[in-house]
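Residues or ranges marked as region 'Methylthioribulose-1-phosphate dehydratase' by TrEMBL: 1-230. Summarising the annotation, TrEMBL assigns domain 'Class II aldolase/adducin N-terminal' to 19-222. Annotated substrate 1 binding site per TrEMBL: Cys102, in sequence order. Residues or ranges marked as Zn(2+) binding site in TrEMBL: His120, His122, His195. Feature annotation from TrEMBL assigns active site, proton donor/acceptor to Glu145. The region 'Enolase-phosphatase E1' annotation in TrEMBL covers 274-512. The Mg(2+) binding site feature in TrEMBL is assigned to Asp277, Glu279, Asp471. Feature annotation from TrEMBL assigns substrate 2 binding site to Ser411, Ser412, Lys445.
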Amino acid sequence: MGSVSQAYLESEPVKGARSLISELCRQFYSLGWVSGTGGSITMKVHDSSIPKPQQLILMSPSGVQKERMEPEDMYVLSGDGAIISSPSPKPYPHKPPKCSDCAPLFMKAYHMRDAGAVIHSHGMESCLATMISPHLKEFRITHMEMIKGIQGHGYYDELVIPIIENTAYENELTDSLAKAIEAYPKITAVLVRNHGIYVWGDSWISAKTQSECYHYLFDAAIKLHQLGLDWSTPDHGPIQVVKGVPSVDCRMNMSKKARIADSNCNGKPFPRCIVLDIEGTTTPISFVTDILFPYAQNVGRHLSATYASAETQDDIKLLRSQVEDDLKQGVIGAVPIPSEDAEKEEVIAALVANVEAMIKADRKITALKQLQGHIWRTGFENNELKGIVFDDVPEALEKWHASGVKVYIYSSGSRLAQRLLFGNTKFGDLRKYLSGYFDTAVGNKREKRSYVEITDTLGVDKPSEILFLTDIYQEAIAAKAAGMEAIISVRPGNSPLPDNHGFKTINSFLEV
């Protein structure tokens, strides 16, 4: 929009956005997010005829009673942040109009994240969440239902929000916020210590929904902390102190350098996160090859019993897409799958043939792993399957969990299959010690970029703060190339390692 006509400024899209901001501010005031003239909101004027980067931006003014704002009180800015229209002054005791002090920070979210709306809240929960552990640079929480309301996150994921330090003036936060956005590619919020939070989304609905979820999670963390419970662990159990290991609070309040050198850790480097492979690392290869894979060959029985379900239809859709690619590339064993109009038995027969060929070739592809996960779930639910882990695994998981180390799984098996295995072992449900799961959706396990993606997701300062345990030499190479620490697990039945491989090896997790 090279120039903006007065007619467009008075159009329904602009009027509607003005009214919406004043309405939302009244609601946010009732929630305690914008009291005392603090906090602010901005949104783009949605107009499908105009490219999003060029859409007009509306912002609430600064230093005004947010709950009393009227639609005509909003500033109108161009896509690059230049003020196009300002509100008219109001008589005493109102102050002269002034665009939001948050404007430079809002523009960073617009330009760096292609946001459609940004909310700045001074909610008490967002302040206190940054004050519980004053030296922490991140807020972390997992296994809470409301995490599902945050873009790109599920119940089992760990939500990580960077915390930047407050300054005397709002605009002085701009560089710190920009650095946080750059350092954490997947975030939709940045906390400001002793101050509040900035939240953005691709629309006002997304920004509002996520803001509500963030405040809920902060409130939950505060209340769990008051009860002496650890909100950052999967089971939210009591903050534990294990002999020879500093407590969670103790480690939280140490600087990173102090944590690593802490005498309670016997002077040994202490990883912030541990990522575990499954087959040959936590679990005997024989369990996968002799029990899980054969059970997953009940493809025909599973598809026949669940054919009409939405879940199975989704599995079939994914397999169709994979097989179409396989046929184009001449993959051995790939056979055409009849159309959706064909008889059920014909479709299932073709699916079975393709899946059996995929299993025989030990292909690590999402279409296969997702279906296998659903088949295995039936086996675990019917008590036909029981997860197996090496005897040292539960003790090590408990120890790491108590010390505040976050433990994740990265396997070629689907995330569902991973949760089933660790949730149904002879040692009981081990998922309480796990903070999250990664599968082939994040990338091939032998490629460096997969481990870079995991590093970005976990939000650590340096990839070297992550320890990856695997039995596969090529996976260790890829993880090391991404900057992680890597140790190779030597277990009965594992393949021999090449000579002079250069990695530390362990026979038990208790050696870590």
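Any Cβ shown, glycine's included, is placed from N, Cα and C.
Unlike curated entries, TrEMBL annotations are predicted automatically.
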In this predicted model, what is the average pLDDT of the domain 'Class II aldolase/adducin N-terminal' (19-222)?
93
Quick check for you: of the binding-site residues His122, His195, Ser411, Ser412, which have their Cα within 10 Å of the Cα of Asp277 (Mg(2+) binding site)?
Ser411, Ser412
Near Ser412 (substrate 2 binding site) in space, meaning Cα within 10 angstroms, which of the recorded positions do we find among Glu145, Glu279, Asp471?
Glu279
Going along the chain, which residues six or more apart from Lys445 (substrate 2 binding site) have their CB under 8 A from its CB?
Asp277, Lys364, Tyr410, Ser412, Thr470, Ile472, Glu475, Ala478
Checking your reading of the structure: which of the recorded positions Cys102, His120, His122, Glu145, His195, Ser411 lie inside a 10 Å Cα sphere centred on Glu279 (Mg(2+) binding site)?
Ser411
To which of the binding-site residues Ser411, Ser412 does the lowest count of other Cβ atoms within 10 Å belong?
Ser412
Of all the binding-site residues given, His120, His195, which residue's CB has the most CB neighbours within 10 A?
His120
Let me make sure I understand the structure: which of the recorded positions listed (Cys102, His122, Glu145, Glu279, Asp471) has the fewest other Cβ atoms within 10 A of its Cβ?
Glu145
For the recorded Mg(2+) site, enumerate neighbouring residues of the same chain (Cβ within 8 Å of the Cβ centroid of Asp277, Glu279, Asp471, site residues themselves excluded), in sequence order.
Ile278, Gly280, Thr281, Thr282, Thr283, Ile285, Ser411, Thr470, Ile472, Glu475, Ser489, Asn494
Residues close to Zn(2+) site centre defined by His120, His122, His195, Cβ within 8 Å:
Gly38, Gly39, Ser121, Gly123, Ser126, Cys127, Val192, Gly196, Ile197, Tyr198
Using a 10 Å cut-off between Cα atoms, which of these recorded positions sit near the residue listed as 'substrate 1 binding site': His120, His122, Glu145, His195, Ser411, Asp471?
His120
Beyond Ser411, Ser412, Lys445, what residues of that chain have CB atoms within 8 A of the centre of the substrate 2 site's CB atoms?
Asp277, Ile278, Glu279, Lys364, Tyr410, Gly413, Asp439, Thr440
